[in-house]
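Engineer: Here you go, one structure.
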């Protein structure tokens, strides 16, 4: 095999660099796939992988008083700070708390909203889908910042509650965690809805009818038939919401006093010029995120089969 | 007791009326087939019995109990769907046990009963199989087992055989018939296939345009269809247009497009007047054919035609002659299209060993006038 191919191999390597049509046809399908993915892989390598290794390298340098970090040095002191600082622990905890709240809300609301789109038809369906996509047409910062006038003590939301007599005193939604949750939820919800809806759209309503016909009540048929099948969509929605919200920057920065790790990492770099500590914090967060996203996926996947309530 | 009463059942979707004033009594333990073309409202009627659609008007009683407002999950009905609607994320056994699970039957017991059901439909060795891996016929059996496992008072079948190939469909019809005799439950079966309805049904209900037109025993419906639609739907037939030429008390003659005067024996109180336009149905099975003999005899047979002879039992022999246009072999039968006058009729021969006719042959077609069904131009049956 190797011998017979020697000639063509030589010609190929010496000859033109661009593959001809017949060369392409001879490629195995996995090689073809690789070729098609090449632009994306190059992009990912340049924008993510290489910078990540630079980040990793910076995280193990010594801090410096006159530079942002001391190039060429090796030190684990930044990791020691991350592991021992109570302030950083609080920040990490707050980030995960925000992420968890937003994720639960976005999956729950997303699930019901997607179900509503699935069950509607005609103009209602189009309107529901359109209103998911519409917010994405506005810049993230503007639509996040818009929560300030809405949620502030003198804002629209409080005005309505006050004039309706539901409140006696305005509530301070912003700057507060509630505001950050609202802002971040508004950012991730469209993605959660679309992730879940894309799975629901492939499902046959007939099996829900079959379940009801066999004696399953409405909620029971949802739990027994719809939920187990929509798990893949829920996983995608949860992972997107969680990863994005734990690393949230804009919403907590604009709407909350609580500091998330992303906000703090920026402070460390721009304010304190402590690049190696910011890098070490980021690496620790990345590892924690990977662990929790894996855990979410594994736990949710267990429900992908048969729910057993009986 | 689980007889079903439908009373003035009506279903509207916006402006469209899918089902209109359907009333019928379905007896306990009976197998009723709702037969009709697609869009005739038969599936909608079935879905209303199942509780999957709410009637706009009318009432449904099952076993004497008014269930019109009852949701599907409270009714003792069970449906086999056209596309079977098996749960793709559950194993075959779990699919069949699902209804029992919803009724709070313990896991051991429901699995045991599901297994028995699967054996009943010859799917005993497929317990752990993923339903998406099954063939159409197997899915159909699993769906049937799943519906029967809950021991419903009424089993509703929504064209469950229509996605199967012909051979399998015919086998399943026999099997379904056996299962029905076995479980002694009331079955309502929806189909657009008249052969299927005749194979399965104790009684057939014919639906068209949202209305239940006629309900009756299969032979009764076939022999005595209420209108032209049913006559045309139940089998191939020749519709021949004509006008009543004379209407005597015992005999009606019709000037037809077959270039001949056709004669139908009539009862004394028939409602036909002279000059009435009619459509006559000549089914292929009432027509007998003969090759016209050579010229000499041909003259003799033409002489016969001059007087339609009234036979001793009151029937009247009609004879026309024509030329074979096309010959179509259909396996067990041969179908000949014969041009008669300006029109053409088709006839069939089941005995293919008989000397075959070929294109251009002159033949004589004969039938008994009392076997002909007559319809008004609006489709209603003419009482002769």
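Placed from the backbone N, Cα and C atoms, the Cβ positions cover glycine too.
As annotated by TrEMBL, domain 'ABC transmembrane type-1' applies to A:92-296. What TrEMBL lists as transmembrane segment is A:34-56, A:91-115, A:127-146, A:185-208, A:229-251, A:277-300.
Can you tell me where each of these features sits in the structure?
Structural biologist: Sequence-remote contacts of a segment are chain residues at least 6 beyond its ends whose Cβ falls under 8 Å from one of its Cβ atoms, and for the transmembrane segment (A:91-115) they are 128, 132, 177, 180-181, 184-185, 188-189, 192-197, 200, 226, 230, 233-234, 237-238, 241-243, 245-248, 252, 258-262, 264, 284-285, 288, 292.
Long-range contacts of the transmembrane segment (A:185-208) within the same chain, counting only residues at least 6 positions beyond its ends with a Cβ under 8 Å from a Cβ of the stretch, are 102, 105-107, 109-111, 113-115, 117-119, 129, 132-133, 135-136, 140, 143-144, 147, 221-222, 225-226, 229-230, 232-234, 236-238, 240-241, 244-245, 248, 250-251.
Non-local neighbours of the transmembrane segment (A:229-251) in the same chain are 95-96, 98-100, 102-103, 106-107, 110-111, 114, 140-141, 144, 179-180, 183-184, 187-188, 191-193, 195-200, 203, 260-263, 266, 285, 289, 292-293, 296-297, 300-301, 303-304; each lies 6+ residues outside the stretch with a CB under 8 Å from one of its CB atoms.
Beyond the ends of the transmembrane segment (A:277-300), by six or more residues, the same chain brings 55-56, 58-60, 63, 69, 78-79, 81-82, 88, 92, 95-96, 231, 234-235, 238-239, 242-243, 246-247, 261, 264-266, 268-269 to within a C-beta distance below 8 angstroms of the stretch.
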